């Protein structure tokens, strides 16, 4: 049996990842595939937390740019993450994997409120915990929520699931000579002005010495390879 390199992980999953090739909303086939990948890692004995974005339904920054009050737009974005979290939890149910949703905004009739001790207990008992509503505060991204929850849960790594298979020296879509960084330190990433997470999230991970791995969620088996400690994605470390 494969031995995981990490006992507890915090996976940052963007809302856009749930769209697949659609222009909006939730693509059930894509969700089922992502859930199957997470379930495979969970069966290795890895404790999994997931922070989900909401950009496939509503983006607070975009709403604010169109003239909406920024705080209102951000709260709407948080509610979008709750919808995504519920869709993920239902997909886990269908895959016969126990999962719980905890929301930083209280919606007690629908999902659990975020309670740190309860979340840790769920993870210790093998349940996947999906953290919704970001940090519960406007002006903070779901990247920051992933760094925060990762720190609170004592995760050993934050995994940022993206559309590209790591951090590159340049945009690989524009520059065919772009090279993927296999490993890079926090200080090197800052010095080279690499966009790994947003600045607040990045600073929190750096201060907590919480490593980050940026990888492609659309590459089959990539999540498992990251968890096994193989050369997948880009590892950002202290």
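From the backbone N, Cα and C atoms, a Cβ is placed for every residue, glycine too.
Annotation comment: Swiss-Prot describes 12, 13, 14, 15, 55, 59, 162, 168, 171 as ATP binding site, evidence class sequence analysis. Under the heading UMP binding site, Swiss-Prot lists 54, 74, 135, 136, 137, 138, 139, 140, 141, 142.
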Which of 54, 55, all binding-site residues, has a Cβ with the fewest other Cβ atoms inside 10 Å: 55
Tertiary neighbours of residue 171 (ATP binding site) (same chain, Cβ under 8 Å, six or more apart): 178
Candidate with sparsest Cβ neighbourhood (10 Å radius) among 14, 137, the listed binding-site residues: 137
Cα-Cα distance linking residue 141 (UMP binding site) and residue 55 (ATP binding site), given in Å to the nearest integer: 11
Most distant Cα pair in Å, residues 54, 74, 135, 136, 137, 138, 139, 140, 141, 142 binding UMP: 14
Neighbours of 54, 74, 135, 136, 137, 138, 139, 140, 141, 142 excl. site residues, C-beta within 8 Å of centre, UMP: 60, 77, 78, 133, 134, 144, 145
Between residue 137 (UMP binding site) and residue 14 (ATP binding site): CA-CA distance (Å): 18
Neighbouring C-beta atoms (10 Å sphere around the C-beta of residue 141 (UMP binding site)): 21
Other CB atoms, at most 10 A from the CB of residue 139 (UMP binding site): 12
Inter-residue C-alpha distance, residue 137 (UMP binding site) and residue 12 (ATP binding site) (nearest angstrom): 18
Assigned element (helix, strand, coil) containing residue 162 (ATP binding site), judged by DSSP: strand
